[in-house]
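Student: The structure under discussion is supplied below as structure tokens; questions concerning it will follow.
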Amino acid sequence: MILFIIQQYSFRTTGILLYRGYKLHQFIDQCMDNARGSCKGIQLPIHYGSKDLNYVTISSTVATQMPQAVGSAYAYKRAANEKCVVCYFGDGATSESDA
């Protein structure tokens with residue numbers, strides 16, 4: 001099964017990236033917003049993401065990852081493949097009326 005992870009703007013889920021193989025130097029490069037980072041210095045410093053690890057880049061706006069996750073999951077279901085989507089969100093996202 002291929003797992004896609006979509007998360008919110010948060011430090012809470014960095015452990016997931018570490019567990020999946022994201023290296024500490026990759027975090028540092030992204031935090032320093034340099035050309036070695038996964039976003040090549042064109043994204044906000046802690047907007048982690050990894051194409052290799054199927055980890056969708058963080059969105060700053062609260063609860064925006066939820067429709068992305070639902071849409072991705074629905075597309076994978078329609079394609080009848082073995083992909084799975086995990087969406088992480090915090091208590092702020094649960095307070096949004098459109099989440």
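Going from the start of the chain as shown, residues are counted 1 onward.
In case you wondered, yes, glycine gets a Cβ from its N, Cα and C as well.
According to TrEMBL, the record shows the following:
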type	residues	note
DOMAIN	10-98	domain 'Dehydrogenase E1 component'
Student: With helix taken as DSSP H, G or I, strand as E or B and everything else coil, how many residues of the domain 'Dehydrogenase E1 component' (10-98) land in each class?
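Tutor: Across the domain 'Dehydrogenase E1 component' (10-98), DSSP assigns the residues as follows: 33 helix, 8 strand, 48 coil.
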Student: Report the mean pLDDT of the predicted model across the domain 'Dehydrogenase E1 component' (10-98), rounded to a whole number.
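Tutor: That region's mean pLDDT is 80.
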